[in-house]
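Step one of this worksheet: look at the structure below.
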Amino acid sequence: MTTTSDRPKASTPATSGKMSVRDRWNSLPRPQQWLLLIPVVVLIYALPVLNPPLLTTEPGTNFPLALFDAARFALIAIGLNVVVGQAGLLDLGYVGFFAIGSYVAALLTSPDSVLWHIPYLWTLPLAMVVTMFFGLVLGGPTLRLRGDYLAIVTLGFGEIVRLLATIVGPLKGQVGFQGVGSPPGTNSEGDPIFTTSNGTAWYWLVVTITIAILFLVGNLERSRVGRAWVAIREDEDAAEIMGVATIRFKLWAFVIGAAIGGLSGALFAGQVGFVNNQKFDVPTSVLFLAAVVLGGSGNKVGVVLGAFVVSYIPNRFVELAAYKYLIFGVALIILMMFRPQGLLGARQRLLAYGRQAYMRLVGRPEQVSADSSLRGEGEKAG
Amino acid sequence: MPVAHEGRVPVISTILLAQGHDLLAQGPDWIKFDVAAFLGQFWSDTIDGLTYGAIYALVAMGYTMVYGVLQLINFAHSEVFIVGAYAVFFTLSALGFGTSAPNLSTAALVGDLVLAMLVAMLVSGLVAVLLERVAYRPLRRRNAPRLAFLITAIGASFAIQYAIFAWRGPNPEPAIIMFRPEPVFDIGGVIITSQQLVIFVAAIVLMIVTDQFVNRTRLGRGLRAVAQDPDTATLMGVNKERVIVLTFLIGGILAGAAALFYMMRVPAGAQFNGGFILGIKAFAAAVLGGIGNIRGALLGGLLLGVIGNYGATLFGNGQWIDVVAFVVLVAILMIRPTGILGESLGRARV
């Protein structure tokens, strides 16, 4: 899993003065990046214990639970970012995969389910496998088509999953499944650690998983697969001509995104302990999309930030919670107009690779502004 | 582990086995394959399906024309439609309609309904044009990529939906009964009610008028020209921006008309998210007929209405309609992505 060959070369002193924070960060060797990240990660882990006064969501919402919510959104946003941000495929039914993951966990651990039961932690990989299968089934036929058809098909898919959860008898509709399993473990008094009210434990679990997924997705991005995704996102026809197997790589992005959605669904089911058909409507899907677009699609740190904003604001300002769909709907329109790259835009990786090559040859950086996937095409045309 | 040995049996049957024998013996009650009911209700399903299909077709026109001209899926079109439904609700409420059919002479009733339709057309048309102005035009100015348009469209859809939600709350408005459906024709036991007749005929007439407008008038020619080749059309003196506004306006007007018929068929249809599923189905209808093709939208709408009804009867539950419509959409995209009549608004020439 080493990606040393793709990693940017160590910083060039001649230009470091002009470099932006991001360029400077990207030019650091990986061990140094990790070293700098350690305090940040420690702080993230410590958050529910610190419960900082201004940041806290109490008394409105239990702070560790709000943090769990944010971490769950971050995981979802990272998964959706692979589909929307990396490969440029608009998936409006992401909640469908999330729902399937939840139902996998519920069906295999809840006492209300008549299926055979397995330990909760086993449902996490299983949920990923099952959602990958559904991603394949949905993506297989539709990814061959124009990109905008995918949007409406996925939108329909999200709604159909919810409808099937209502109609199909064994999925129990609104009655749902009580007592979904949780990871094992007891504290010193013998009480289970992972209870529905103990947000801290769940938060730590999800943060750990999120960091692992970030690491994996980051490696994928820097690999051949990631470059193929960016090529498809920037110009599918050109990518095809250059020999990128576009359909296969699009399917990969779709399936990997689906798997992460399923994983987060299973985690959500475990924390809430209850799964029914009420939590998987399409507005939730659009909220996920808002997290990705708001933070900056194609930028991992950006989408995590976006996920935090989208989940934190309704928890922190409870009076706004009822209007969250309105707020984020309007936010999407305004963002597309004034800052289509989101809070933290993705830099055009392809250009970045080109720039490195240029720098190696010429010895000075090319003057190209960092830009986003949502802007690139337009700049070209305009 | 009761089914541990079932290595090669497909997943679904393993689930059924685990459900116990009673399910296998009588079949689950949530899905049937009721051929007898299907045959028995064939004609009434067909007629009702055509009624619904006419409504889908009217809404599908908005999707198909915008797509034909801008290659944009206007997700917010379902909200343009539902705003029209609210306009119908408020107009008819103001005119004294309520939860029971009013006692009016036919002329007065027709007058009221036409008034409600005109108000709905006006409101929906305005919302559609406003949407174009506020959300899409700035993006066109910036030459934004298609992904940005799609995200804006879905954002606009939700902004309108939840603005209505903030204003009117989650529940549907009280039912508005316009008139009591009376049987008009009885063909060998198959009854066609006045309601079905009114919806079907009025919708078809509106679609024919639109089709003729696009195919025969000067403005319509400009519209087709822009759909065919925006740059050349601009060079030939067609005002592209005006054509785009016109496209949104026509789509909105037809959605407003569809809202009246929808409220006729579904009296308590005015709900903040009531347009959403209908929008997906209307889009599916547009794709089925061939997106960008006006006659295709009509054909696709009628077909989808009928197929959905057949599916609901066959599977024994009205909720299957949406599932069937979605499966039809995916199947069409797989087998014949250009739809039955083929794509392109610009192809037909005069």
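From the backbone N, Cα and C atoms, a Cβ is placed for every residue, glycine too.
Per TrEMBL, these features apply:
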REGION    A:1-22  region 'Disordered'
TRANSMEM  A:34-51  transmembrane segment
TRANSMEM  A:63-84  transmembrane segment
TRANSMEM  A:89-108  transmembrane segment
TRANSMEM  A:120-138  transmembrane segment
TRANSMEM  A:150-171  transmembrane segment
TRANSMEM  A:201-220  transmembrane segment
TRANSMEM  A:251-274  transmembrane segment
TRANSMEM  A:286-310  transmembrane segment
TRANSMEM  A:322-338  transmembrane segment
Is the transmembrane segment (A:89-108) in contact with the transmembrane segment (A:150-171), using at least 3 Cβ pairs under 8 Å (sequence separation of 6 or more) as the test?
yes
With Cβ distances under 8 Å as the criterion, find the stretch in A:34-51, A:120-138, A:286-310, A:322-338 that has the most pairs with the transmembrane segment (A:63-84).
A:286-310
What parts of the chain pack near the transmembrane segment (A:286-310), using Cβ distances under 8 Å and only residues at least 6 beyond its ends?
70, 73-74, 76-78, 80-81, 84-86, 90-92, 94-95, 98, 210, 214, 217-218, 221, 233, 324-325, 328-329, 331-332, 335-336, 341-347, 372-374
What parts of the chain pack near the transmembrane segment (A:201-220), using Cβ distances under 8 Å and only residues at least 6 beyond its ends?
1, 3, 41, 44-45, 47-48, 64, 67-68, 71-72, 74-75, 78-79, 81-82, 183, 193-195, 226, 256, 260, 263, 267, 270-271, 300, 304
Under 8 angstroms, Cβ to Cβ: which one of A:120-138, A:251-274, A:322-338 has the largest number of such pairs with the transmembrane segment (A:89-108)?
A:251-274
Cβ contacts under 8 Å made by the transmembrane segment (A:120-138) with residues that lie 6+ beyond its boundaries:
93, 96-97, 100-101, 104-105, 108-109, 153-154, 157, 180-184, 251, 254-263, 265-267, 270
